[in-house]
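Sequence annotations record features per position, and here TrEMBL assigns domain 'ABC transmembrane type-1' to A:66-259. For A:12-32, A:65-90, A:102-120, A:132-154, A:194-219, A:239-259, the entry in TrEMBL reads transmembrane segment.
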Amino acid sequence: MLRLSRGARIGLGTIVTVVLVFMYVPLLLVVLNSFNAARIASWPIRDFSLEWWGKAFASEPIRAALLNSVLVGLGATAVALVLGTLVAFALQRHSFFGKQSVSLLIVLPIALPGVVTGVALNNTYNQLLEPIGIQVGYFGMIIAHATFCIVMVFNNVFARLRRLSPNVEEASRDLGATPWQTFRLVTFPQFRSAFIAGGILAFALSFDEVVVTIFTAPAGVDTLPLWMMNQMARPNEASTVNVVATIVILFSLLPVWASQRLGREIGDRN
Amino acid sequence: MKRRTQLAGLLALPMFWLVGIYIFSLIMLLATAFWTTDPFTSKVKPGFTLRNFEQLIVNPAYLSTAVRTLLIALAVTALCMLISVPLGIFMAKIAKPWLRGLLAVAITLPLWAGYLVKILAMRVTFTDEGFFNWALGPFGITGPSFSVTTVILTLTYLWLPYMAIPVYTAIRQLPANLFDASADLGAGAWRTIRTIVLPLIKPAIIAGSIFTFSLSLGDYIAAKFVGGSTQMIGSIIASNINLNPPVAAAFAVVPIAFVVVYLLSVQRTGALERM
């Protein structure tokens, strides 16, 4: 074990405490401010009120933005699930020239800054496709989000496939199953939880994305992060944005909980 | 032969998507950087000019923004390292198992709390009448308000888990007998950390730094909301994309170039293969 003096232990403990305070106090402030009666976020809070929660739940723009976020997230996740799984199978089951380049290509959309991805697609949509009469409209966002979500599905499915034994599939084929039967009844169940985990991560990534969305959303369409950003940009940001942020914080616990559960399910099985 | 058709079938759709849409768009963006804009109609005209790149160097505001962005990204990366190493050592080697599990969840949780939510949280904390000044004001400390310092703190807040998690995992995997051997040979804790721990976790630090560096480099929303008048590369790309796409495109090459140079300079360490 690492032998540290009492002073060093206390020093390290202090650093950890400061980091945790730095991580959680700001989030707590947002949650508390959602109950602040004042119009502008301020500290200390003088009067508590549920006014902003009521306003947020009654707000038509928030509902529309939430719906857009969910639709875009589901669309992007569906595309990412198909493409990510296909690439995972290609890279896991085959060796070919340019394999390295393909795996780099999948990571690239999240390795490059979002502003570059956003501006590049915006340029294609507006300067190349629009002049020849193609309006991507709403699908522009889905195409953009799907592009950087592929890696999430790929990573999960690829890691799982690496641990699967090919014997089971061989047995299935020997017993006369068609390739589709083998995939549906033997292969898929074995990587299903990784597939679902990848899908959840892809959805969460899409739901949270701001910068790429700014450049690819059609005029007048807000996703939830875009709505939040527009609220924050106003000089007197109304406190409803704190309510939405609080709900996002609560919902962010879901993927963590789900991935923990999926992880445990796998742990139990082995 | 059958395997080749199978492979082609697997790769056709994903490659159509990634190359046909994404890489094609990146190349077209790069091409646009050499094009010109008609000053009257602000329509883009194909051609070949280096004027847009010239602007990056000649225009002092653009040049200083590029340098400022680079320095911010480096500062965020350094700060993330300075936090992650002691945090990782405490979690992996000092904390009791129950505390370790709790801390591991605690540093992962904020990763999902939402990008804008965290920027809003920092805004609420550091605004002039905010929590920071209220809590530390009595000690005579005034907060950084909305400035470059707050941008650095906010970006650190956003990207810390990308560094802290790999560093913690790497420290946990170090065999305990290395520490015993080091102590038996008379090295103090500080010397053990410097000569044993740091060299062994270097690949993890580098892997984490790729994220903290490139994510900070491309960000401009933090600068917009907690930076006061601070401008970053992304701010200039965003403000030019509609009026003058070629200048925006030329500026988009800057973060790509920085990231590529960074990747090449860390490639020699072998950290990329372990990501």
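Keep in mind that glycine also has a Cβ here, set from the backbone N, Cα and C atoms.
Remember, TrEMBL labels are computer predictions, not curated facts.
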Non-local residues, at least 6 beyond the ends, that sit with Cβ under 8 Å of the transmembrane segment (A:12-32): 4, 41, 43, 45, 242, 245-246, 249
Distal contacts, the transmembrane segment (A:194-219) - CB-CB under 8 A, six or more residues away: 69-70, 72-74, 76-77, 80-81, 84-85, 113-115, 117-119, 121-122, 125, 137-138, 140-141, 143-145, 148-150, 152-157, 159-160, 188, 225-226, 229, 252, 255, 258-259, 262
Dominant neighbour of the transmembrane segment (A:102-120) in A:65-90, A:132-154, A:239-259, by Cβ pairs under 8 Å: A:132-154
